[in-house]
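Trainee: Got a structure for you, written out below as structure tokens; questions coming shortly.
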Amino acid sequence: MKLNDLFDRWLRWLTSTEHNLRSFAVLRILFGVGLLMTVVPSIADRSMIWGAASFWVDPEASRRGYVTFDVLLPKDNPVLFDLVFFGLIGLMVLFTIGLGTRVVTPIMLILVVSLQSNNGFVLNGGDTLYRITLLFLVFANLSAHYSVDSWLRDRRRRTSSARRRWIPAHIRNAAHNAALVLCCFQIIVVYTVSGVWKLTGEAWPAGTALFYSLRIDAFMVFPMVNELIWQSSLLIYVATFIALWSQTLFPIALLWRPSRIFVLVALVFMHSGIGLLLGLWPFSLAMIALDMLFIRDKTWVSVTGWVRSTALWRRADDLVGRMLPRGGGRSTRSTERKAPTPSEASASDESTSKEPIPTPVS
């Protein structure tokens, strides 16, 4: 009987509503920015990195263990390559702002796989996460918040022109929540395997791994900052052990709210440091985005409510209000009251003088 109750609770959780919608919206934005940071800087050298001049990576690219969709970004057709390449950038922009995500996401996934298979030497590990999780995100609702799609839906509701849903709600909810479970499971596997492999080495258990990571010349974005950090032995030891055990114990830490908050904050700081100090922003943003899925919607509501209550937010809101017209885009002239003429004013005074004076009611 208890097993049946547990199954019923799980089934209700899966099909009753879509969970963590705000977390998925934040993930969409971070994923879009990370993908754009991979592709946009290579526009000037796209032929050498991804196109016809990158023929030297073809032997390695042919060893890929998945379908590469090479025909979509061919190296032997520069015109078609450029059309698809810039079309992919456009899809990434639409994905980031949340416009047509249900259609954009699967098309963008196929083109991202095609582009990444053209040259694996310029990628940094985040490409694998993008490929795997974007497949799950095809079934998730990514545009419920912080998106153009949500703004359009709100506008349709105000005009009483809501579109009919062809897929039943319980199926949509189940698909979305299944994507949530798969994405969370994927990041748990990444952290657990990463932590176990770190324990098998020597530098991480000794507390010196961060020192050697910060001294890699090829990844020094700000050499002076890296040097300042590795001068502190205490900071190196503490940061190394926090990173090691936050990843190794990640599945267990998720079971208790205080420990979950601690490891999420630690891992977000760790990946922010990887992006800032080592320049691996696409990878860092992918990891941070997936970490956000462990934050519930009510937490996002509390955080956004606190931010909106701050004086800085109110000043920014007032500034935007002065720059942009309020009232649904109507001109301010239409809302201004016209001054009454002398005849209208006298008529108004006569009508008000004839009204009975109301008596107070106890």
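Note that Cβ sites are derived from N, Cα and C of the backbone, with glycine treated the same way.
Pulled these features from TrEMBL for this protein:
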DOMAIN    16-299  domain 'HTTM-like'
TRANSMEM  21-44  transmembrane segment
TRANSMEM  79-97  transmembrane segment
TRANSMEM  104-123  transmembrane segment
TRANSMEM  129-152  transmembrane segment
TRANSMEM  173-197  transmembrane segment
TRANSMEM  234-256  transmembrane segment
TRANSMEM  262-290  transmembrane segment
REGION    324-362  region 'Disordered'
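Quick one: how deep are these features, and who are their neighbours?
Mentor: Sequence-distant contacts of the transmembrane segment (21-44), counting only residues of its own chain at least 6 positions beyond either end whose CB sits under 8 Å from a CB of the stretch, comprise 50, 85, 88-89, 92-93, 95-98, 101, 108, 112, 115, 122-123, 126-127, 130, 133-134, 137, 140-147, 180, 183, 281-286, 288-290, 292-297, 300-301.
Within its own chain, the transmembrane segment (104-123) is flanked in space by residues 35, 38-39, 42, 49-51, 54, 57, 60-61, 64, 66-70, 72-73, 75, 84-85, 87-88, 91-92, 94-95, 130-131, 134-135, 137-138, 142, which lie at least six positions past its ends and keep a Cβ under 8 Å from the stretch.
Cβ atoms under 8 Å from those of the transmembrane segment (129-152) belong to residues 18, 21-22, 24-29, 31, 34-35, 66, 97-102, 105-106, 108-109, 112-113, 116, 172, 175-176, 178-180, 182-183, 186, 190, 282-283, 286-287, 290 of the same chain, restricted to positions at least 6 beyond its ends.
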Trainee: Per the 3+ Cβ pairs under 8 Å rule, pairs at least 6 apart in sequence, do the transmembrane segment (262-290) and the transmembrane segment (173-197) touch?
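Mentor: The transmembrane segment (173-197) and the transmembrane segment (262-290): touching, yes.
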Trainee: So what's near the transmembrane segment (173-197) in sequence-distant terms, Cβ-Cβ under 8 Å and 6+ beyond its ends?
Mentor: 13-20, 24, 27, 129, 132-133, 136-141, 244-251, 254, 267, 287, 290-291, 293-294
Trainee: Using a Cβ cut-off under 8 Å, which residues of the same chain at least 6 positions beyond either end of the transmembrane segment (234-256) come close to it?
Mentor: 188, 191-192, 194-196, 198-199, 204-205, 207-211, 262-263, 266-267, 270, 294
